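Asker: Sharing the features that TrEMBL gives for it:
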{"type": "REGION", "residues": "1-159", "note": "region 'Disordered'"}
{"type": "COMPBIAS", "residues": "7-21", "note": "compositional bias 'Basic residues'"}
{"type": "COMPBIAS", "residues": "27-36", "note": "compositional bias 'Basic and acidic residues'"}
{"type": "COMPBIAS", "residues": "37-65", "note": "compositional bias 'Acidic residues'"}
{"type": "COMPBIAS", "residues": "71-81", "note": "compositional bias 'Acidic residues'"}
{"type": "COMPBIAS", "residues": "113-126", "note": "compositional bias 'Basic and acidic residues'"}
{"type": "COMPBIAS", "residues": "138-159", "note": "compositional bias 'Basic and acidic residues'"}
{"type": "DOMAIN", "residues": "227-516", "note": "domain 'SAM-dependent MTase RsmB/NOP-type'"}
{"type": "BINDING", "residues": "Ala319, Ala320, Ala321, Pro322, Gly323, Gly324, Lys325, Glu343, Asp370, Asp389", "note": "S-adenosyl-L-methionine binding site"}
{"type": "ACT_SITE", "residues": "Cys446", "note": "active site, nucleophile"}
{"type": "REGION", "residues": "519-634", "note": "region 'Disordered'"}
{"type": "COMPBIAS", "residues": "532-552", "note": "compositional bias 'Basic and acidic residues'"}
{"type": "COMPBIAS", "residues": "579-588", "note": "compositional bias 'Basic and acidic residues'"}
{"type": "COMPBIAS", "residues": "603-634", "note": "compositional bias 'Basic and acidic residues'"}
Amino acid sequence: MASNKNKGAKSKNLPPKKKQRSNLFAEKNRPTKKDEVFDDASDDQSEEQLEAAEDLLDGDEEVSDFGDASDISDDDDDAPLADDFLQGGDDDEDSDSGSISGSGSDSDESDIEEKSRALDEQRAREEEDAQAEMQMNIKEESDEFRLPTKEELEEEQQRPPDLANLQMRIKDIVRVLSNFKDLRQEGATRKDYIDQIKMDLGSYYGYNEFLIGVLVDMFPVVELMELIEAFEKPRPTCIRTNTLRTRRRDLADTLSKRGVELDQLSKWSKVGLVVYNSHVPIGATPEYLAGFYYIQGASSFLPVMALAPQEKERVIDMAAAPGGKTTYVAALMKNSGLIFANEMREARLKSLTANLHRMGVTNTIVCNYDGRELPKVLGQNSVDRVLLDAPCSGTGVISKDPSVKTSKSLDDIQKCAHLQKQLILAAIDMVDANSKSGGYIVYSTCSMMVPENEAVIDYALKKRDVKVVPCGLDFGCPGYIRFREHRFHTSLENTRRFYPHVHNMDGFFVAKLKKMSNTKKNPVSSDGLETVEQKPEEIHSDEDNIKEHEQPIMKQSTKGKKKNGLPGNGKVESPPPLKNKEKSENGKVESPATSKKRKRKFPSKEEISKAREEKRKAMRDGKKQARADKKIGK
């Protein structure tokens, strides 16, 4: 019965859970439930009371660890504990609870610090492991790549090309060449890697051996990869505003209303617009047909900007079709002055004439001549400026014409270079050095080959009294003054090169020359035997080259003679054999100077041209006379 009463009293005195938790920190220093229960048992309580107390203890521990400690105490608790509970002052409880809570907070802070320190150490270990793993991977990759053997290459040639394998090998070779000292294979030279990447690039991108070899010689391997990748992508579509008919702002607003997404080309151009997207054909809008703009690559703006024609000048465009540069020149001149638009190919004259009419150009004369013959037609020293966008190999516009990858060879480059040298000399001869506002020649190509660019300008510097001046373009890469075994004039740094991977436009070369005088240079033998006595207007054959090589030898043989014909030692020498003597028609022996003049057996081109004109005139007169006689006979 007593045990039942105790159970009832204890169960009735159980407080709510929330109130039990409120005494969590205040009751922390009091005896635990197990201590109270076993103290009661030691005071001669019965086994039933002990079992009941243990059952009650188990049930209360599930609710809380400390909250029911005060409720389990019975009437038989020790007196000191009761006194403490009844008499315990607030100060003692506060001090006890404060010390307990303080120690608990200190322990919590120390635990947090230890955990954070452990996390930092773990993070540091992970970073070290990741770095070590990365270094190990790099080492493994460098060790993994080996150049293929001859047997492996022969097997690859028998099978269809594995593009994935080729691409991976190209990347590996580029990585090795970029850090050749550390990553190269033992016993392998740089030439081995270069030869292999030439072969792989030719197979993967479709270049012939000559062209890929030239590009490898011109660019570092990393830049070469950027260039080749740029050739595989089309260049942005650009249009040039025709300032003879409209303004760029008005044109942009009009095309935007038609669904054309465009923006200004760049700060260096005041008339260019780049087209990102168009819902209508950009070459069939009413504005295009009305001549408000011309579809033109950004690189084609550059030669005309370098030429900088002024109003009321006489200008020649030696290779004008289809008319993009000519119409730009006319717009800058505001339809004043005079422009000669020459095109050698008759089939292209239609497009040139059509564009001139469409763009509203009225100051241009279209002519159909070989550019090399223009000085005879228009006269020497007759114009202020000449624009020569020379025919070239087209190695800078591979993105437009991929056939260049396989169609060009060394012979093609040399033929183009020979023609370009003749054209630039003709262009220089037509410019008047005494022009008040002009006297400039702009030479440009869409080629990246050094023989077609820097070599041509260097040749012109040796043959004519001209100098290279800045192009007026504040961007672009300077031209070469040395390339492999070639050395060019230092002023060629003023020329400009433009690349697809750097400037996002077609590969282009621009040079601007200033004519200093109208006289032609007399080449000296120090420039090289092949340039001695070489006439710019003539295309020399092998026999002409042999004669040129003989002339310096004759000069050297007569070097020691005086004016009176005696040698330097004063002794009279016996004449050479008759077969080697140079005699005039009257039988007298001529000096080397007179023999040099007499050696030119053929008339000059001016004389030939004059004779042809007289012959044509005589033929025309003869035909007229024949018609007149025929009419009289009837």
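Just so it is clear, glycine is given a Cβ too, placed from its N, Cα and C backbone atoms.
Neighbours and distances for these, please.
Answerer: Residues of the same chain lying 6 or more positions beyond the ends of the compositional bias 'Basic and acidic residues' (113-126) include none with a Cβ under 8 Å from any Cβ of it.
Long-range Cβ proximity for Gly323 (S-adenosyl-L-methionine binding site), meaning a same-chain Cβ under 8 A and a gap of 6 or more residues, is found for Ala341, Ser351, Leu352, Asn355, Leu356, Met359.
Counting every protein chain shown, the number of other Cβ atoms lying within 10 Å of the Cβ of Cys446 (active site, nucleophile) is 24.
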Asker: Starting from each candidate's C-beta and looking 10 angstroms out, tell me which of the binding-site residues Ala319, Lys325, Asp370 has the most other C-beta atoms.
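Answerer: The largest 10 Å Cβ neighbour count belongs to Lys325.
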Asker: Roughly how many angstrom lie between the C-alpha atoms of Cys446 (active site, nucleophile) and Ala321 (S-adenosyl-L-methionine binding site)?
Answerer: 15
Asker: Using a 10 Å radius around its CB, how many other CB atoms surround Ala321 (S-adenosyl-L-methionine binding site)?
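Answerer: Taking every protein chain into account, the count is 22.
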Asker: State, in Å as a whole number, the widest CA to CA span among the S-adenosyl-L-methionine-binding residues Ala319, Ala320, Ala321, Pro322, Gly323, Gly324, Lys325, Glu343, Asp370, Asp389 given in the record.
Answerer: 20
